[in-house]
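Pulled from TrEMBL, these are the features on record:
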type	residues	note
BINDING	H110	Fe cation binding site
BINDING	C120, C123, C160, C163	Zn(2+) binding site
Amino acid sequence: MEEHVTETAPHPFDPAIEILLDRAEQFCADRRTRLTDIRRLVLGLILQSSTPVGAYDLLDRLRDQHRGAAPPTVYRALDFLADQGLIHRIERLAAFVGCGHMLECDHGGHCGHRAQFLICKRCGATQELEDRRIGEALSDAAARAGFAVEQSTIEIEGICAACRTMPEDAGSKLRAVAPRVG
Ligand SMILES: [Zn+2]
Ligand SMILES: [Zn+2]
Ligand SMILES: [Zn+2]
């Protein structure tokens, strides 16, 4: 058995995620910022998660790879990633998701990206919508109020497509077939 274990594996994520991370690194370089190792790791952990992930969950997952990781390290990385538009913070869940737009964006320096999220109340699945008409309608309405929108995230709660295919009373039916006592 090889005894030399590096502190962080060079490519700890699925190939598809590593490709996104490489693109994020280039994205940052183009903006003269830097996706440092720790920022790359935090972004990878967020992209790898199928549901939005909170700061403390991230810290736990990070410690699997970086034993000394401290909360300020994670918060600073999250601030950076959010400032760059690479992740969004879902206020309702106090959790973060990767942005589906920024790495595909071809709007140059004036990206008017406005995120809308569909959040499933049952399973927690979160899907980012990007309907420019919603963003434009919002900006127009705000402009009529003399307000200049800098950033906005719309959070919409409901039941996702997968959960909708399951009967709403599945839980009570299960209870109904449970053997009765007496
Ligand atoms: Zn986005
Ligand atoms: Zn854009
Ligand atoms: Zn669901």
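Each position is counted from 1, following the chain as shown.
Cβ atoms are placed via backbone N, Cα and C, with glycine included.
Heads up, TrEMBL stuff is auto-annotated, nobody curated it.
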Cβ atoms near C160 (Zn(2+) binding site) (within 10 Å, other residues, all chains): 17
Cβ-based isolation winner (fewest other Cβ atoms within 10 Å) among the binding-site residues C120, C163: C163
Per DSSP, three-state class assigned to C123 (Zn(2+) binding site): coil
Surrounding CB atoms that lie within 10 Å of the CB of C123 (Zn(2+) binding site), all protein chains: 14
